[in-house]
């Protein structure tokens, strides 16, 4: 069994495609449950953010597992398999591990180096663990990915500027407005992104923040925190959105709603009510939702500037320095190598244990024959013979078992494990019994190349769509 990743992200698809694949928490659970209905998939978890949807699964077979995941996502998104594969990428086994480590480190984010994705990976893993859809393999790789992400952020300056999708978007807004100090802001959505946006706005000394949210209790909690920072804040219902827009210089929307929250009519009414010069006082709307919170037609209105995720990606400030990125990538590469070495060594351990058990069985059988041939042998003599035989066997096996662990830890080392089983006629069933008994953990290793849908792992290129 190996890890299979099927994903679509901002690097492979436009926002319109990501919108079709956007998943809320209940959707993620349903998709994982559907995927796990296949007997060929034993573990699964979904990482869904505003920039990506990725399904990680432990599969018995590459093509069959890929077909299962692709079909489930196709049905959910109402996209044909053909359309979906235009934008999807696939990683298999070692490449899937490397990708998750890279994502957790912020190296694959729209804003390179941002830390929010580390929390998103943590929540995806925690949700899968709570629903008992991860086992030993995904548990190990997810835990390691979180550790790698922390190490990258602590040992490099990749996030020294504290950049995030929110900070970059509001930086663009600040330039457009000639500064944020004293401006009237509207924050739509009181979740994690809304709280992060509010924090940035208070640090920028905006004049007031109107908080709008479906749940008024959450909106009041967020407004209370904003007020504690010294910036006036109040709570509005979504029914009064057009009034809030009419009072605003800046809007940040990040609700996670399945359809636009800010309509063309809402903005039309707000512009009519404002009666202000569009050149001296434009309205800037930061649409950070996925799917989009703002009707795309709003961007065509005079005097309105819409900043979305695609605009954030194009912003120079969204890019970390080359030196920091290189340092982070070196850490990821080293961590991947360490993980895979441990994984391969763990994989050979059941075979080594089975070999030693086979040798012990042979020794015991021969000692039993000795008892039958020399029934008068004194117990002290028998014990000395037994110790001598066991010492000889241990010494004969020591060098080969140490060496096989070393050889098996290198790429392609599984061939040495197979050779050991062949040489000593070790039954695979016996080896599997050792692994499942819990005496030694079994990690999964496999192909090191990335994989293209519809080809074998050994023949594959990196993905459906070049990133």
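Positions of Cβ are set from backbone N, Cα and C atoms, glycine also.
Keep in mind the model is a prediction, meaning the values are calculated, not measured.
Among the ranges 424-445, 446-467, the one that Swiss-Prot lists as region 'Disordered' is 446-467.
Listed in chain order, the extra residues whose Cβ falls within 8 Å of the Cβ center of the NADP(+) site residues 189, 190, 191, 192, 193, 194 are 187, 195, 196, 197, 213, 222, 254, 255, 256. A Cα-Cα distance of 13 Å separates residue 191 (NADP(+) binding site) from residue 120 (substrate binding site). Here residue 50 (active site, nucleophile) is positioned 10 angstrom away from residue 193 (NADP(+) binding site), judged by their C-alpha atoms. DSSP assigns residue 115 (substrate binding site) to coil in the three-state reduction, outside any helix or strand. For the recorded positions 49, 50, 99, 109, 115, 120, a Cα-Cα cutoff of 10 angstroms around residue 190 (NADP(+) binding site) retains nothing. Comparing Cα positions, residue 194 (NADP(+) binding site) lies closest to 50 out of the recorded positions 50, 51, 115.
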